[in-house]
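Since the structure comes first, as structure tokens, the remarks are kept for the end.
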Amino acid sequence: MEHSDNTNDQEDVTSSVENLLPHQGTQGPQDNHEESRCERKGPLITVEPVLFLIFFAWNFSGNVLTNLIVSQTCTNLLGFNESDCRQLGTANESEYIQSLEQQVQPYTAKIIMVRSLMEQILPAICSLFLGPWSDKFGRKPLLYASFLGYFTVFLLLVGISFASNVFTLNPWFYLLAYIPVMFSGGTCALITGTFCYITDVTTEKNRAIRMGIAEGVLFAGLFLGSISSSYVLQWTNASTVFAISGQACLLGLLYIWLYIPETIDCGDFVGSKYRELFRFDHVCEMFKTSVMPRPDNRRAIIWLAICGLVLSIGLMEGNMSVFFLFTRAKFGWTIREYTFYESTSIVVQMIGGIAALLLLKKFFRISDAMLAALSFGSDCLQNFTRTIAQTPRDLYLGVGVGFIKSISGPIGRAVLSNVTPPSDIGKIFSLVTAFESICPIASTPIFTMIYTSTIDTYPSAFNAVSTGGTFLCFIWMLIAYVLERGLPRVPYENLQRTPINL
């Protein structure tokens, strides 16, 4: 989007942005040089529709792909009778079909695990460079890269699923579709770009609310994708489901291009912006920023929040990789029963998250750190309920006690942004996103191993691991709350003038 170059417009933009960005403070010469090249500009609209579209696309196709992999693993990979394999995941499973399910699931879990690793390993490495680069050259390229990658994924899934109707394909072929997202940044680019953008356009006062609204829109996309996918699959086929997800990503690309303005202006930069992307001094600068001494225990608060966010994401990704298979094995759920449960969970979390933000944050003035702790506690209770669940009703009870678990991510990032100067927030968010991507690389195989090892004895064992992990996140955030509440604040403009003891 082009802006006028006249002096009055520049002064208006600079003035409006200074009001949006608190604690800007006095910066050193190097920072001043960088800021002179890259001025922040006031936004016109926000990124909520983008979040809705991408998460709709993910959830609309996710369970359908899992179901397709289960079916084709049974017939094409293990060679079982096609008529028997068609009964997998249906309401009329016999004892033989249930035993067949237990033979198929370990192979399916491995395919899903490898897919998760493909989406995480290389994007996690890329995310180390994305945050520092976006602080200087803008947020929109990260959004473009993520949406383009997933648009290509769904396009390839359409082709592979269509080919599987004509040829006998090994289900491992579906993983070929995820190669593009390995090089486009995946969720790392999306999360880094989105939350940095929201931080650019908000103040400390309204940032938590805006991030909560973004989370609510995200869950709306998840809900619509989950509730509609099984019906569309019944009326059409898997290729159509993937095509609709691809169209959602294409709409997202058009929306970013036409309606989202850039918040970072680097018009005076000379040279190739993209050559600056893979500079290791940016990575070194990011790590230095995350460990640099800060007044009032800000560094401790930053790392407690980072640890809570990263561990919770690792537990969530690991749990999600096997939870659908768990409900099939333990309760004999069909894809429609699972998507109904998932949709119910999304609605409860969406309403609960918004209510918590309005009541606890806006009216009762509860701090962001305490709100994040309550969210982790709610997540812990849901995982405990899943651990001891004996009937589907118990799983729905867990949905009720986990009604505010969804806000831990945005509120945790709000905690980080409140104790970090705006010039460093992209680096901190990039580090968090990198760690959040690296953690599932370990957690997904661990949860897969736990589930496949205990499927015949105690298939809920992986939920017990999630319970312990989320309780640890709850304790960490309580400590952050105590540190945040009990010590005085030193303004960031005095940071360089304040002596700090290591």
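Easy rule for this one: first residue shown is 1, then count along the chain.
Yeah, the Cβs are placed from backbone N, Cα and C, and that goes for glycine too.
Only residues 6 or more beyond the boundaries of the transmembrane segment (50-70), in the same chain, are considered here, and those with a CB under 8 A from a CB of the stretch are 88-89, 104-105, 108, 111-112, 143, 146-147, 150, 154, 157, 161, 164, 171, 174, 190, 194, 214, 217-226, 228-230, 232-233, 238, 241-242, 244-246, 248-249, 251-252, 255-256, 260, 324-325, 335, 338-339, 342. Feature annotation from TrEMBL assigns transmembrane segment to 50-70 (among others).
The transmembrane segment feature in TrEMBL is assigned to 142-163 (among others). Within its own chain, the transmembrane segment (142-163) has Cβ neighbours under 8 Å at 47, 50, 54, 57-58, 61, 65, 68, 130, 134, 169, 173-174, 176-178, 180-181, 183-187, 189-190, 192-194, 196-197, 237-239, 242-243, 245-246, 249-250, 252-253, 256-257, 260, counting only residues six or more beyond its boundaries.
Annotation source TrEMBL lists transmembrane segment at 175-199 (among others). Beyond its flanks by at least six residues, the transmembrane segment (175-199) meets 43, 46-47, 50-51, 54, 111, 114-115, 118-124, 126-127, 130-131, 134-135, 139-143, 145-150, 152-154, 156-157, 160, 207, 210-211, 214, 260, 263, 410, 413, 417, 422, 425-426, 429-430, 433-434, 436-437 of its own chain at Cβ-Cβ distances under 8 Å.
Taken from TrEMBL, the feature transmembrane segment applies to 211-233 (among others). Tertiary neighbourhood of the transmembrane segment (211-233): same-chain residues 46-49, 51-64, 67, 194-195, 198, 202, 240-241, 244, 335-336, 339-340, 342-343, 346-347, 349-350, 353-354, 357, 361, 406-407, 409-411, 413-414, selected by CB-CB distance under 8 Å and a gap of 6+ residues from either end.
Per TrEMBL, transmembrane segment is recorded for 239-260 (among others).
Per TrEMBL, the feature transmembrane segment maps to 300-326 (among others). Beyond the transmembrane segment (300-326), the same-chain residues lying 6 or more positions past its ends with a Cβ under 8 Å from any Cβ of the stretch are 63, 66, 105, 108-109, 112-113, 116, 120, 290, 294, 338, 369, 372, 376, 379, 383, 408-409, 412-413, 415-416, 419-420, 428, 431-432, 435-436, 439-440, 442-444, 446-448, 451, 459-460, 462-463, 465-466, 469-470, 472-473, 476-477, 479-480, 483-484.
Taken from TrEMBL, the feature transmembrane segment applies to 338-360 (among others).
The transmembrane segment annotation in TrEMBL covers 395-416 (among others).
Residues or ranges marked as transmembrane segment by TrEMBL: 428-450 (among others). Same-chain residues lying 6 or more positions outside the transmembrane segment (428-450) and placing a CB less than 8 Å from one of its CB atoms are 109-110, 112-113, 116-117, 120-121, 123-125, 127-132, 134, 186-188, 191-192, 195-196, 199, 286-287, 289-290, 302, 306, 309-311, 313-315, 317-319, 321-322, 413, 416, 420, 461-462, 465.
Summarising the annotation, TrEMBL assigns transmembrane segment to 462-483 (among others).
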Remote residues contacting the transmembrane segment (239-260) - C-beta distance under 8 A, at least 6 residues beyond either end: 44-47, 49-50, 53-54, 56-58, 60-61, 64-65, 140, 143-144, 147-148, 150-151, 154-155, 157-158, 161-162, 165, 197, 229, 232-233
